[in-house]
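Annotated features, as they stand in Swiss-Prot:
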type: ACT_SITE; residues: HIS322; note: active site, proton donor
type: BINDING; residues: HIS136, HIS138, LYS219, ASP362; note: Ni(2+) 1 binding site
type: BINDING; residues: LYS219, HIS248, HIS274; note: Ni(2+) 2 binding site
type: BINDING; residues: HIS221; note: substrate binding site
type: DOMAIN; residues: 131-569; note: domain 'Urease'
type: MOD_RES; residues: LYS219; note: N6-carboxylysine
Amino acid sequence: MKKISRKEYASMYGPTTGDKVRLGDTDLIAEVEHDYTIYGEELKFGGGKTLREGMSQSNNPSKEELDLIITNALIVDYTGIYKADIGIKDGKIAGIGKGGNKDMQDGVKNNLSVGPATEALAGEGLIVTAGGIDTHIHFISPQQIPTAFASGVTTMIGGGTGPADGTNATTITPGRRNLKFMLRAAEEYSMNIGFLAKGNASNDASLADQIEAGAIGLKIHEDWGTTPSAINHALDVADKYDVQVAIHTDTLNEAGCVEDTMAAIAGRTMHTYHTEGAGGGHAPDIIKVAGEHNILPASTNPTIPFTVNTEAEHMDMLMVCHHLDKSIKEDVQFADSRIRPQTIAAEDTLHDMGIFSITSSDSQAMGRVGEVITRTWQTADKNKKEFGRLKEEKGDNDNFRIKRYLSKYTINPAIAHGISEYVGSVEVGKVADLVLWSPAFFGVKPNMIIKGGFIALSQMGDANASIPTPQPVYYREMFAHHGKAKYDANITFVSQAAYDKGIKEELGLERQVLPVKNCRNITKKDMQFNDTTAHIEVNSETYHVFVDGKEVTSKPANKVSLAQLFSIF
């Protein structure tokens, strides 16, 4: 058999086992752990290549043949970093491994059969990840949705009704009528969407009604009064309906301190938003809850990574988002109590330790909806530069750290909100919501986004050009965005109760409607690569953070990766 160099092989078929790939301009190095494509039997589409009739394509139509095959993709997922063909059928991932013609090639499984009905997409030299999941969305403006989508986010969870003051401050779609309105509005968009209802009520019936109206969970927010009673009632109802509860705790400690909140939670599972505290929560020590076994702790992206500009920009953001007035002394003091460089500095380190499990945006409400993925990788790179390789790494690579940070915006938010059966990873049986990246632009600018197995967004050149590549090249909506195709390619998530009562038919929804499940039987230990529990303390005078008795902190960066260099044009 003829042999070629690794360099030649990588240029033709992409990197193989043992090859290493740098992610963007970071210091993060991914090493290919395994190659499933079988040397000498690789698929390659094009003139004079192998993906042709009678060769790697079967002549015989069959019920197993794929709708689409992505060839020679480098998959970066919590399940591994490996090379494979990805087969897509009926909008789902049908197979991962060696694709082709099982009549002519070894190692081809039925679920990766290429036939006359199969489209091809060349994945050689590209990285494929699952679509991102942002679980902290203020639905203030619909323009957020395409912005997030272009960044690689394919699922948005949160609440709101537009630029009302309640939505500007809280991720809540309150009440049956507002939920109906937003569920219908969601029909328009290329994005999986789920809505959170108002959890601030010491009345089980009002909470239950919202869940039965289609909410996938409850959000408790201090601007509506995060009292121990509201916390207890929301969790009681959530346990009954198997939905998640997200919380923004009481910054002013009016209804109780962090210990009172934990007592009200009483060991039940809770998704805590911006657990560091700059986005809101018990001052100065809400960060303590991140180490508890029943807490699923999240960060929002304004505070990660910690930079020389982080503290300064937060004051104006906070005043606007929470309807505060700089001329009122008490409002300024409220804002000051939330912005603590010491706890922000600790947040980056807690991410690197796997104590913080999720990253999200806090869109237009102290967060940037299009930067969840970028800032997650900037944080990973900042931590590697400051602290070096993780002790868990094996070999000369950063695979463990890469899986840890990828999980924060893919599989872990999916698990937290009961949608991991459908999305959140590159696994057989899951919806084919996939993001394709050039390694040089990883984490910043996707090449292409596949939604429900169909291309929804791509970098595309001049439509009047003779080929697809002439300038200007920029993101353009593809066919999955249009007509009734968008109904097949996207999902509206609802509660099991609403699903069972036929909410799709009741509201005349045309998109796929699927129920959330297994939200209440999870703990921190279910957070992939981010399941560390610890005893966390905050010095009430200095705000320094201690984990199991040892102070944790990080330095503010004056330069980050994946930044202006990638946004020149």
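Every residue gets a Cβ built from N, Cα and C, even glycine.
The residues near the Ni(2+) 1 site, meaning same-chain residues not in HIS136, HIS138, LYS219, ASP362 whose C-beta sits within 8 angstroms of the mean position of the site's C-beta atoms, are ILE137, GLY158, GLY159, THR170, THR171, ALA246, HIS248, TYR273, THR300, SER360, SER361, SER363, ALA365, GLY367, in sequence order. Local packing around the binding-site residues HIS136, LYS219, HIS221 was summarised as the count of other Cβ atoms within 10 Å of each Cβ; on this measure the leading residue is HIS136.
Within 8 A of the CB centroid of the Ni(2+) 2 site residues LYS219, HIS248, HIS274, the other residues of that chain are HIS136, THR170, THR171, ILE220, HIS221, ALA246, ILE247, THR249, THR272, TYR273, GLY279, GLY280, GLY281.
A Cα-Cα distance of 8 Å separates HIS274 (Ni(2+) 2 binding site) from ASP362 (Ni(2+) 1 binding site). Neighbour list (ASP362 (Ni(2+) 1 binding site), Cβ cut-off 8 Å, at least 6 residues apart, same chain): HIS136, HIS138, TYR273, HIS274, GLY279, THR300, ASN301, PRO302. In sequence order, THR170, LYS219, ILE220, HIS221, GLU222, ASP223, THR226, TYR273, HIS274, GLY279, GLY280, GLY281 are the residues near HIS248 (Ni(2+) 2 binding site), counting only same-chain partners six or more apart with C-beta under 8 A. Mean model confidence for the domain 'Urease' (131-569) is a pLDDT of 96. HIS138 (Ni(2+) 1 binding site): 26 other CB atoms within 10 A of its CB, across all protein chains.
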